[in-house]
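These come from TrEMBL:
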type	residues	note
DOMAIN	2-182	domain 'Formyl transferase N-terminal'
BINDING	M90, K91, I92, L93, N107	(6R)-10-formyltetrahydrofolate binding site
ACT_SITE	H109	active site, proton donor
SITE	D145	site 'Raises pKa of active site His'
Amino acid sequence: MKKIVVLISGSGANLQAIIDACQAGEINGKIVSVISNKAKAYGLTRAKKAHIPTALFERKNFANNLEMDRAIAKHIETVEADLVVLAGYMKILSDEFTMRFAGKILNIHPSLLPKYKGLHTYQQALEAGETEHGTTVHFVTPELDSGAIILQAKVPIFPEDEVSDIEERVKAQEIQIYPLVIKWFTTDRLKEKNGKAYLDGQLLPENGYANE
Ligand code: GAR
């Protein structure tokens, strides 16, 4: 069984989906630590309710970002994690950190990457007049939101939509696709090699699995 750490900053809806999938035996893994950079993140409460150890790393307690990332990395190594899952961790990680865990860090980003990297993706899609939006699970590399894409889910945007409508639709997809990708990883079906993602030894297309 693989050991998983999950990094969060907020509500933890994705974390909850992963907790549930582990408890249901759908993921061949155990969350050994939930790490947050925000003391008030509701995800910490979710972890405690599920009896999962938590760790808080606040920026104010470190001299700089790199020192904070080094402390988090040390913690991840201490708990001997096989997989690092970013689930709404809203702080950019240093190159040193992402390279230290290369091939075993996943992120979920609320856009159809490579479109709309960074923040406010819903607003950006709406303002650009898009008729669809979505979410992407990808391997993490030093360049922000740019690692190999594993799986995407699309949702429609309707003319009368507000940001909250699209967000709700996207989040409903996220809690389906993130546990699935983690399941693939924890059963050794999913690998990253030379910046590319492979499922069952097959190179995944640029936009991930089953993106026709
Ligand atoms: C998710 O929608 C995730 O895609 C997004 O944060 C949200 C966290 O929600 N991540 C990013 O924007 C990363 N760039 P949650 O805390 O309820 O899972």
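Using N, Cα and C of the backbone, Cβ positions are placed for all residues, glycine too.
Just so you know, TrEMBL annotations are computer predictions that nobody has curated.
Shown on the structure are the features that TrEMBL records.
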| residue | record | contacts (Cβ under 8 Å, 6+ apart) |
| --- | --- | --- |
| M90 | (6R)-10-formyltetrahydrofolate binding site | S9, G10, N37 |
| K91 | (6R)-10-formyltetrahydrofolate binding site | S9, N37, R59, N65 |
| I92 | (6R)-10-formyltetrahydrofolate binding site | N65, L144 |
| L93 | (6R)-10-formyltetrahydrofolate binding site | D69, L86, V140 |
| N107 | (6R)-10-formyltetrahydrofolate binding site | L86, Y89, V137, H138, F139, V140, D145, G147 |
| H109 | active site, proton donor | K117, T121, T135, T136, H138, D145 |
D145 (site 'Raises pKa of active site His'): tally of other CB atoms within 10 A of its CB: 19
Beyond the site residues M90, K91, I92, L93, N107: chain residues whose C-beta lies within 8 Å of the centroid, for (6R)-10-formyltetrahydrofolate: L7, L86, Y89
Site extent for (6R)-10-formyltetrahydrofolate (largest Cα pair distance over M90, K91, I92, L93, N107, Å): 12
Filtered recorded positions, from K91, I92, L93, H109, whose Cβ is under 6 Å from an atom of ligand 1: H109
N107 ((6R)-10-formyltetrahydrofolate binding site): secondary structure state under DSSP, collapsed to three categories: strand
